[in-house]
Amino acid sequence: QVKANDRSFHEQPQFKTNAIRTYKYNVFTFLPLNLFEQFKRVANFYFLILLILQTIPQITTLAWYTTLVPFLLVLGVTAIKDLVDDVTRHKMDNEVNNRTCEVIKDGRFKVAKWKDIQVGDVIRLKKNDFIPADILLLSSSEPNSLCYVETAELDGETNLKFKMALEITDQYLQRENALATFDGFIECEEPNNRLDKFTGTLFWRSSSFPLDANKILLRGCVIRNTDVCHGLVIFAGADTKIMKNSGKTRFKRTKIDYLLNYMVYTIIVVLILLAAGLAIGHAYWEAQVGNYSWYLYDGEDATPSYRGFLSFWGYIIILNTLVPISLYVSVEVIRLGQSHFINWDLQMYYAEKDTPAKARTTTLNEQLGQIHYVFSDKTGTLTQNIMTFKKCCINGQIYGECKPLLDHPVSGGLDVAPVDFSWNIFADGKFAFYDHYLIEQIQSGKESEVRQFFFLLAICHTVMVERIDDQLNYQAASPDEGALVSAARNFGFTFLARTQNTITVSELGTERTYNVLAILDFNSDRKRMSIIVRTPEGNIRLYCKGADTVIYERLHQMNPTKQETQDALDIKQIFANETLRTLCLCYKEIEEKEFAEWNKKFMAASVASTNRDEALDKVYEEIEKDLILLGATAIEDKLQDGVPETISKLAKADIKIWVLTGDKKETAENIGFACELLTEDTTICYGEDINEVREQQVVSSYNKKIIAWSYFAFSGNFTFWKKTSHKLLMSPWEGIDGDDKASVSCSSMRHSVKKEQQQQNFVDLACECSAVICCRVTPKQKAMVVDLVKRYKKAITLAIGDGANDVNMIKTAHIGVGISGQEGMQAVMSSDFSFAQFRYLQRLLLVHGRWSYIRMCKFLRYFFYKNFAFTLAHLWYSFFNGYSAQTAYEDWFITLYNVLYTSLPVLLMGLLDQDVSDKLSLRFPGLYVVGQRDLLFNYKRFFVSLLHGALTSMILFFIPFGAYLQTMGQDGEAPSDYQSFAVTIASALVIAVNFQIGLDTSYWTFVNAFSIFGSIALYFGIMFDFHSAGIHVILPSTFQFTGTAANALRQPYIWLTIILTVALCLLPVIAFRFLSMTIWPSESDKTDFRLRSEARKRLKAEEQWKHRQKVFRRGVSSRRSAYAFSHQRGYADLISSGRSIR
């Protein structure tokens, strides 16, 4: 309930203030809240527990800073990122809350800040002002209180929408004093997020008036082309519809994310088992050796089992690096970099509209390399969504073919000149039409239906018009509607102006104004719109346009042109063969008495407080019947550039493409041929053949050739192409509605089970097809189809679309791609990735997706390898120290290993590595299958990495251990002390793991080489610094390896040991890689071999072409410089530029 100009009434708690708050923290809450959020992550909480354990003297085996330093780094990086984001939100909130507008206070309009506005305030807005809250339009400076708004911030659409005030408020609430004394009372719906819905009633002057969305101005919109308007605040602040829609989008995670979490859990289990085993070993050792060794007495009389218990926690601390603390932060850095590479890709930049590709999320990049199914909208996605009026069928006659004037015949072979519209002062000059006979029919007036046809196009719509420099400019809600009104304008029936109750049309130069009695608007369920007008002669007439399926159900039985029009649409398929979009047009004469009775029901439904939309639809049905068919329009929507090539490339990459469209099956089928989703050898089975096809499938199932399938519950037509040895099958299906509600009875359980089985069978059959086209589907059914494939096939799905009707599908798929097209930006704003043309999808998947997947898999495998190689040295060392949880390295080395010594090379590999170039990725789409089959990162690969790390750690420990036994240095001193041993293992480890990443790198750049050798140099520089006497003097308890590095590494024997250890770590890997490339080559290796073979064949062909018969000449040497023969251009540029074929 809202009372106008009553601030005291709206100070109750249920009414929100208009101040908005999108930020999460303030100065006092940032630290505690941010830390709380970070510790909700299992990994962070795990390391917090470890840090606490390290502060307990009895069990700690590592200095507290070994965990604290990397832990603080991880928390700090995340906190800084969150802080930067939140500071930006603070600035935006302050900017918005401190905007100003005029509010009535003390009987006058006064300037007030947005944050001080309350529900019930009457406000004044001017041209180009942002709307501060959801307000009821009371009046404006435009005739009939029209108000034009731009909704770009709300739904991304830049075309203007119009709103219109109630007639009574327009009449009485224009002046300031009238607005100040306005005391209307409004009952309306609760605050919600439905942008296109509003239900309410205004009680004023002892009357009630219905309110709908057309009278509401929403926060976030901008006033355009209207000097002044006045409104009453209905919802404020967090209750506004735009704020209700700004809730968190469903968080999407990649397949690798889920796998990674399970692998971390596996590592934690391994860690606990290792610690438990070593603790048992320590307890046994203490019982057998430790208690009887006087030199080990520590003054504490503890039992072996208690010492084993303490050893368990000590090993939990030592082995904690099995779970890499910096893994998650590194993954986020790599994903952020890969997202920027997508944003910076000039080959996905559409210069015509200045639209670059945009990664709107940074968490899904590698998932782009694992797509199995692409679900695509048709209109605006595969096609351009730029509509052109091409043909029409009027009174059974088809117009639009190239026909010359009767008195100016054209000889064969010459082009027909376009129709001359110079006789029409309102013609826009851009419209091209080639059927001169239609113009003759309009001008002669012999067939009244022809004029009636174009008059219907000029009057039955919701287009707005404005005059700019004496030129008409139409603002249409959809490209279809704009094309139809523009066509009518060029043919002489020009829409000129509209008010709340009238519409003015120029009919072949004669202006006539019609009273609008009712507009029965379009929605996706009705699939039609109607307008009821009173002609200047006093007659009442209904005009309707809509989809042929709904129009034909409502036609009068005595329709003279029904069959001819249906022939054009269905039997002859003249329009569908050219992939034209069709609408049927019809009208109806209404008696005064009939309209009066219907209007009462219409007004009652308009003010219904509950289920208003359903009540209105029911009333609309009563009047939209017994219609007289005039004909049908046909609009062309051309394919985008590069669509067939893109679909072909994706098909070769084993990506299955499903087209989901609301068009009829003939149009969808022809689009399938146009974009080469289908070929000419297709055998088509239509709906009436389904039973026969089903029987064949059942029979085939007995021969184990195909799984039997059954009928699926959907109301759309589903068109399938199944590749067999000889043909392709296409089946349009019609069934019960997708959101069918089973009645609650004893059979409802059986119904549910049957429906589940039908869905399973549908998915099984459809997924065997090479391509699927679903026609006549609603936006909700698009999302349901995607969800079924996700649910039953566990396949990675991608949905791509350009309009508001694709948003549900885009949000449902694993990855949503929005195309910034002609239908606004709703799809883009709901998407994970966006670009301007469908053809860019092949580069997004085959190049960026594939690279991202390969890089992430290499990164993760190497990360686990290097951490196991590093950590398991403690395990082998424990066999020689009584399982006493003694570390094998210096504490500072443990602290900096993941942070400095091995971090940069692996990050750069995750950002820059390429197994083949982008051109080869597109040239050989078959390379894409590695991601679909999860070949590069799975549990097998994970355990191979762990085994590799474990073997490396054995070599790193036992080779130096054997070398140190009974060793004497050059100076006569034995170097086999613990600290020298630790330095030797650490040095060999850093060199081995950095060289290993060199072996794993496919794409070498200067940056990669610098990071590898730079990391090794950094290790030695820091180590010598930390082992110096100067730093020991400052912090003697923290830096205890004084002089160790200098003493140990001046021995050639130690360097030989390090070289031998590194060689033994790497040589088996090199040998195995060679054998793998020879015996089990990957797809990349096969491509490399194919390219080399092609290059050799090309070179051989050129040599044969150049070959001449040798002529023996006495005294002339036959020797030639080998270099002289290699004058043909080689691979120098390729190598120096870094564009390696591997």
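Every residue, even glycine, has its Cβ placed from backbone N, Cα and C.
In sequence order, V659, L660, T661, K782, I800, G801, D802, G803, N805, D806, M809 constitute the residues six or more apart from D377 (active site, 4-aspartylphosphate intermediate) in its chain with CB-CB distances below 8 Å. Per TrEMBL, the feature active site, 4-aspartylphosphate intermediate maps to D377.
Residues annotated as Mg(2+) binding site in TrEMBL: D377, T379, D802, D806.
If you look up TrEMBL, you'll see D377, K378, T379, E481, F522, K545, R581, T661, G662, D663, R776, K782, N805, D806 marked as ATP binding site.
Look at TrEMBL and you will find 2-68 tagged as domain 'P-type ATPase N-terminal'.
Among the features that TrEMBL reports, domain 'P-type ATPase A' is placed at 97-160.
Note on the domain 'P-type ATPase C-terminal' (828-1082): mean pLDDT across this stretch is 89. Feature annotation from TrEMBL assigns domain 'P-type ATPase C-terminal' to 828-1082.
Per TrEMBL, the feature transmembrane segment maps to 39-56 (among others).
The transmembrane segment annotation in TrEMBL covers 62-84 (among others).
Annotated transmembrane segment per TrEMBL: 258-285 (among others), in sequence order. Beyond the transmembrane segment (258-285), the same-chain residues lying 6 or more positions past its ends with a Cβ under 8 Å from any Cβ of the stretch are 42-43, 46, 304-305, 307-309, 311-313, 315-316, 319-320, 322-323, 327, 331, 860, 864, 875, 878, 882-885, 937-939, 942.
The transmembrane segment annotation in TrEMBL covers 312-331 (among others). Sequence-distant contacts of the transmembrane segment (312-331), counting only residues of its own chain at least 6 positions beyond either end whose CB sits under 8 Å from a CB of the stretch, comprise 41, 43, 46-47, 50, 53-54, 56, 59-62, 67, 70-71, 73-74, 77-78, 260, 264, 267-268, 270-272, 274-276, 278-279, 856, 859-860, 863-864, 867-868, 870-871, 874-875, 878, 884-885, 887, 894, 897-899, 903, 906-907, 910.
According to TrEMBL, the transmembrane segment annotation covers 859-880 (among others).
TrEMBL lists 892-912 (among others) with the feature transmembrane segment. With a cut-off of 8 Å between Cβ atoms, the residues of this chain six or more beyond the transmembrane segment (892-912) that come close are 62, 65-66, 69-70, 73, 321, 324-326, 330, 333-334, 337-338, 855-856, 858-859, 862-863, 866-867, 870, 982, 986, 990, 993-994, 997, 1000-1001, 1003, 1005, 1007-1008, 1011-1012, 1014-1015, 1018-1019, 1022-1023, 1026, 1039.
As annotated by TrEMBL, transmembrane segment applies to 942-966 (among others).
Here TrEMBL flags 978-997 (among others) as transmembrane segment.
Annotated transmembrane segment per TrEMBL: 1009-1033 (among others), in sequence order. Tertiary neighbourhood of the transmembrane segment (1009-1033): same-chain residues 890, 892-893, 896, 900-905, 908, 983, 986-987, 990-991, 994-995, 997-998, 1039-1046, selected by CB-CB distance under 8 Å and a gap of 6+ residues from either end.
The feature transmembrane segment is assigned by TrEMBL to 1053-1075 (among others).
On a Cα basis, T379 (Mg(2+) binding site) lies 9 Å away from G662 (ATP binding site). Taking the Cβ of T379 (Mg(2+) binding site) as centre and 10 Å as the limit, one finds 27 other Cβ atoms among all the protein chains shown. F522 (ATP binding site) is 18 Å away from T379 (Mg(2+) binding site) when you measure Cα to Cα. Around R776 (ATP binding site), a 10 Å sphere centred on its CB holds 22 further CB atoms from the protein chains shown. Counted over residue pairs separated by six or more positions, the transmembrane segment (1053-1075) shares fewer than 3 Cβ pairs under 8 angstroms with the transmembrane segment (859-880), which leaves the two as not touching. For F522 (ATP binding site), applying a Cβ distance below 8 Å and a minimum sequence separation of six or more within one chain yields T462, R528, M529, G546. Neighbour density for G662 (ATP binding site): within 10 A of its CB lie 23 other CB atoms from the protein chains shown. Counting every protein chain shown, the Cβ of D802 (Mg(2+) binding site) has 30 other Cβ atoms within 10 Å.
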